[in-house]
Structures are given as structure tokens and as C-alpha cells.
């Protein structure tokens with residue numbers, strides 16, 4: 001089967017690699033550097049499994065800048081373009097998705113379009129009405145950055161949307177796509193759910209908001225424990241051994257961040273509109289309170305020091321271990337709070353060559369020099385290369401994992 005994938009981020013590329021094991025896949029991107037890397041068997045993103053598969057597996061995959069040619073020949077078109085949250089309108093910016101839909105429909109009269117981008121509840125219905133077609137369906141992704149292909153190979157569930165009154169072809173394509181994902185997976189007995197588009201859209205936003213809730217819960221627990229001088233590790237362990245709660249996703253942090261949780265929680269809150277709720281709003285608020293609390297704790301530690309020059313060293317901007325981006329990283333908001341108090345900030349981030357021009361922080365990418373300059377070293381996730389200056393480190397990383 002010929003499949004086109006719009007977007008070579010971790011969602012689009014991982015799906016492209018997965019499906020190219022048994023199908024002919026063309027990745028469409030607007031960046032020549034990404035296209036060149038994929039065509040040379042290199043991954044433009046950090047993902048161990050994607051890197052290995054591109055290098056070692058027999059894949060039928062190519063990348064192109066020529067979107068029209070790719071879409072024209074495709075039987076299925078997967079859309080995995082960004083939908084960043086627009087704080088001005090308090091809604092996802094879906095313009096990239098809509099642009100692809102319009103372009104595909106202009107050159108292809110038969111392909112079914114499968115949206116993998118995270119979208120607002122009701123978006124598929126809106127697009128079907130706007131473009132007067134039922135050939136637009138939704139399949140939410142549940143992937144982690146840096147482990148996207150692994151999560152596609154071992155999925156927790158597969159969800160594809162379809163409506164009762166859809167044409168036989170669209171119904172067949174929805175089932176076919178679900179089967180493609182299931183047959184490419186290494187995990188056996190993966191649950192497959194076919195549901196309405198609005199239900200599928202809701203699953204995605206509510207799932208990520210629950211994860212954000214869990215992060216916020218253990219962060220608030222940790223805030224209480226640190227404030228009352230309790231052993232947070234012991235309290236969390238004592239709670240988490242209850243099978244109903246579980247010993248997972250319970251490691252305190254500076255706040256939830258990354259590409260998905262911040263924007264998805266805000267979008268779900270926006271979707272509630274006039275529907276009664278308090279919990280969803282509280283999750284978003286809790287994350288902001290946590291970051292303010294962390295900044296205050298750092299300031300308190302600084303004030304206890306006698307040094308006339310007080311420098312906060314931020315070790316890594318990445319949100320998670322082994323990540324390769326800083327999108328919505330909680331530490332960035334903590335830095336902004338500290339800078340508003342005229343505190344000098346130095347940053348160790350080997351993935352950066354320079355900071356943005358308006359940034360008042362200083363990039364120090366010699367680790368030993370960084371350690372010497374900083375009065376306190378702040379890190380969301382602890383790393384063993386800080387072991388020799390452990391007495392300088394402030395972190396709420398209790399379990400040494402994400």
C-alpha cells in the first residue's frame with residue numbers, strides 16, 4: 001500500500017518507519033535537511049529505535065519536499081503536523097493540519113486522510129463539514145518523545161475513528177489502518193477500538209490530562225513533604241505500593257512540561273467552555289504553583305549562602321532524560337521567575353551553541369567551569385556527572401527516572 005506521511009517529527013517519522021516495514025511510505029517535510037537525513041538512512045530526531053531501524057532494517061521509505069506528488073499517489077495520507085497551543089485565542093493552532101487537508105483533497109480524490117496530530121474535540125466533524133467529505137478520520141497517538149517507535153511497536157491500544165454513516169470505503173480504510181498498526185506491532189493482543197471521532201479526540205485529551213493530574217498530584221505531595229520536612233521518598237513509596245495507585249509516573253519534578261501535557265490540558269480546559277468543572281482548571285493552576293514554589297526554594301537556598309556573588313547554574317534545559325528538545329520545559333519558567341528577581345543564571349546545555357539574543361542568561365558548556373561558577377546547581381533530573389558537586393545540587397528527582 002502507498003502511504004504518505006505529512007510531518008517528520010517523532011509522531012510522523014515513527015509511524016513512517018513502522019509502516020514502511022510492509023508498505024511503501026513517503027515522508028513529506030518542508031525542511032531539506034530533514035529530507036536529506038531520512039533519505040540517507042539517518043534520523044533527524046533522537047530516538048534509539050528509529051535510528052536503528054533506518055540504519056539496519058529493510059524499509060520501503062523515502063522523504064520528499066514535493067508534497068503534491070506524494071499525496072497524489074497515496075492510498076492513505078497520515079497527517080502528523082504540529083498543533084501548538086495559541087495562548088492568544090486559548091486554542092490549538094490547527095492551520096498546518098488544515099493546509100495539508102486542503103492540499104491532499106485538491107490532488108487526490110480517493111485517499112482517506114488520517115489525522116495523528118492532537119486536535120480539539122469536534123475538529124474532525126468541523127473539517128468534514130468544511131470540506132464536504134467523510135474521508136477525514138482521526139487516530140490518536142500515545143507516544144513518548146525519544147521512545148516513539150518503541151511505543152508504536154508495543155502499543156497500549158490502537159484507536160481509529162469511524163462514524164456509523166460513513167461510506168463503505170472510509171469504514172474499510174479505518175479498519176485497514178488499525179490492522180496495519182496492529183500487524184506491524186511486536187506486542188500480541190493489542191486492544192483495537194473503533195469509535196466516533198469526537199470520542200477519539202476526547203480520549204487523547206483526557207488521557208494526557210490524567211497524566212498531568214498524576215504529575216501535579218505527586219508534585220503537590222512533594223511540596224508538602226519538603227515544606228514540613230517529611231521524607232518524600234518514603235511517603236510516595238508507601239502510597240504507590242497500593243496496586244490501585246502503582247509505582248509508576250510518581251517521581252516529583254519541577255512541573256509537567258514537554259510538547260503534549262501543557263497544551264493538551266489547556267485545550268481540554270478550553271473545550272469545557274461552559275461545562276461545569278474544577279479539577280481540569282486546578283491541574284493547570286497546580287503546575288504553575290509548583291514552578292513558583294521551586295523558584296522560591298532556590299531563592300531560599302541562595303539567601304542562606306554567604307557568597308557576595310550568587311549564581312544559579314541550570315543543568316540541562318531538556319524536560320526528560322534522553323530528550324532532544326526543550327519545548328515547554330518546566331525549568332524555563334523557573335528560570336524566568338529567577339531572572340525577574342535579578343538573579344544571575346548560567347546554563348549548561350550541550351545541545352545548544354548559543355542562547356536567544358534577548359536571553360540574559362549565560363551559556364557555559366564546559367561542565368567543570370559550570371560547576372565552579374555556580375553557587376547552586378538546579379536540575380529537574382539528576383545525573384551522575386554531578387556526583388562530585390552533589391552538595392551544590394537542588395533537585396526534586398527522588399527516584400532517578402522520568
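Any Cβ shown, glycine's included, is placed from N, Cα and C.
Copied from Swiss-Prot, the annotated features are:
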type     : residues                                                             : note
BINDING  : 2-19, 29, 34, 83, 118, 145, 259, 263, 327                            : NAD(+) binding site
BINDING  : 141, 142, 143, 144, 145, 204, 208, 249, 250, 251, 252, 253, 257, 320 : substrate binding site
ACT_SITE : 260                                                                  : active site, nucleophile
**Prompt:** Looking at the binding-site residues 2, 6, 10, 263, which ones sit with their CA no more than 10 Å from the CA of residue 145 (substrate binding site)?
**Reply:** 10
**Prompt:** Taking the binding-site residues one at a time (18, 143), which has its Cβ surrounded by the most other Cβ atoms within 10 Å?
**Reply:** 18
**Fill in**
Least crowded of the recorded positions 6, 260, counting other Cβ atoms within 10 Å of each Cβ, is 260
**Item:** Nearest of the recorded positions (208, 257, 260) to residue 6 (NAD(+) binding site) - Cα to Cα
**Value:** 260
**Prompt:** Which has the fewest other Cβ atoms within 10 Å: 141, 145, the binding-site residues listed?
**Reply:** 141
**Request:** May I ask for the distance between residue 143 (substrate binding site) and residue 18 (NAD(+) binding site), taken between their Cα atoms and rounded to an integer number of Å?
**Result:** 13
**Prompt:** Going along the chain, which residues six or more apart from residue 83 (NAD(+) binding site) have their CB under 8 A from its CB?
**Reply:** 92, 93, 94, 96, 97, 117, 118, 119, 263
**Prompt:** Around residue 208 (substrate binding site), how many other C-beta atoms are within 10 angstroms of its C-beta?
**Reply:** 22
**Prompt:** Looking at the recorded positions 141, 208, 252, 257, 260, whose Cα is closest in space to that of residue 2 (NAD(+) binding site)?
**Reply:** 141
**Item:** Spatial neighbours of the residue listed as 'active site, nucleophile' among the binding-site residues 10, 14, 18, 141, 250, 252 [C-alpha, 10 Å]
**Value:** none
**Distance from residue 252 (substrate binding site) back to residue 10 (NAD(+) binding site), taken between C-alpha atoms, in Å** = 25
**Request:** Sort residue 2 (NAD(+) binding site) into helix, strand or coil using the DSSP assignment.
**Result:** strand
**Among 14, 250 [binding-site residues], residue with fewest other Cβ within 10 Å** = 250
**Candidates 141, 250, 252, 257 (binding-site residues) - the one closest to residue 18 (NAD(+) binding site) by CA** = 141
**Item:** residue 141 (substrate binding site) to residue 14 (NAD(+) binding site) - Cα separation in whole Å
**Value:** 11
